[in-house]
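Note sheet for the following structure.
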Amino acid sequence: MALYATAATVLAAVEGRRGSIKGLVYASRFQNVKQLYALVCETQRYSAVLDAVIAGAGLLRAEKKLRPHLAKVLVYELLLGKGFRGGGGRWRPLLERHQARLKAELARLKVQRRVSRNEDLLQVGARPGTASQVPRFVRVNTLKTSPDDAVDYFKRQGFSYQGRASSLGELRALKGKCFLLDPLLPELLVFPAQTDLHDHPLYRAGHLILQDKASCLPAMLLAPPPGSHVLDACAAPGNKTSHLAALLRNQGKIFAFDRDAGRLASMATLLARAGVSCCELAEEDFLAVSPSDQRYRQVQYILLDPSCSGSGMPGRSLEEPGAGTPSKARLQALAGFQQRALRHALTFPSLRRLVYSTCSLCQEENEDVVWDALQQNPGAFRLAPVLPSWPHRGLGTFPGAEHCLRASPETTLTGGFFVAVLERVEVSSSVPKAEAAAPELTAGTARRRKRRRRQASAPAPGSS
């Protein structure tokens, strides 16, 4: 099966430090990106355990043509995953010949380490922590179906619908085949953390998008009405773009940019499956896009989710070889790009509202970037106060930073995220330009000037 061979190739490249899992998965051009990504991540997470089981069972000695990384992927599926997908192809009978020895070796390893669960075999750094308790969020793609129809479908499959959640505690308590409607986003379904829907028919047909709740906030807060022209500056992999299209009801225009051809090709597949017809993709660096280009003269909404350190992503240590806390040099380089991108986005002449977001927890990539942009455009844009009941706010590094939103597994039961909404400050046409440009003018000064104007315009004594 192509899935297992591709996963083995990606895994070998990751362990050889030739790239991150995400970058290598997109470069593979494998059609089901989410499925491949999940399989590689889980296999990598259990890598040391799988190595011990394979060596103890003598699998590679018995099957000399079986490559080590492919063996690791296959043994993960057999012992720790949900079984072979699509029948397993020619690999299934090969592994089944060794199934008894592999299972015995796994059991022996548990006895030796005095644990009973598979996850207890993991090293401390690889064990699922708070991040693994983040529920499975599923956005209903309203271009193809409705939340009510999706709920009915799951109920017919034996899932138990618990209604609309009213608290994080309800989401945290989800178990088994129970699911809820998110309390904030009306098209977001919430399942227990370990629910796997990558092979679900509604997902494969594009009716469902597997997207973390925090990742749904940017499009929701941008809120472009149908018919709008929207620019998605750093668009791949495309989940947010498909969300924008759903909000637009495919009416209007989305200009989506990404400079990575492989990611853009995967994005085109995702958008086609999701039924998106209002999006124009361009393999182009957003910084090279001219705000004066007549094609973008009606763009009033911009979503900017630039490349970032990914420090808020659950399991980020699997994303990038040697990952951990981003180095100061890397943060400076990323923040420099983010600042240039945000400054550039704010120069589009018809822009009314912009959402800046990252999946980073670092102040340098979040509040510092937003504050830089506001200082570069004094009086032109403001931070919009959004979601006042959201529990996790921006760091208080500058006045108004509390209008920014942060997210984390601990505080919001989502991945780590940052969102800021910037709005253009509208100057009333009735306000004289000199007064609009001089906000420091006091009310008393204005009244004195008004009296002087009246005196100057009054008729002189004795005049007719």
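Positions of Cβ are set from backbone N, Cα and C atoms, glycine also.
For the ranges 125-158, 363-396, 431-464, the feature annotated in TrEMBL as region 'Disordered' maps to 431-464.
Each residue contributes its Cα atom, and for Ala236 (S-adenosyl-L-methionine binding site) and Cys359 (active site, nucleophile) these two points are 14 Å apart. Taking the recorded positions Cys234, Ala236, Cys359 in turn and counting surrounding C-beta atoms within 10 angstroms, the largest count is reached at Ala236. Listed in sequence order, Phe257, Arg259 are the same-chain residues at least 6 apart in sequence whose CB falls under 8 Å from the CB of Asp285 (S-adenosyl-L-methionine binding site). Within 10 Å of the C-beta atom of Lys240 (S-adenosyl-L-methionine binding site) sit 26 other C-beta atoms, taking all shown protein chains into account.
The Cβ of Gly238 (S-adenosyl-L-methionine binding site) has 28 neighbouring Cβ atoms from other residues within 10 Å, across all protein chains displayed.
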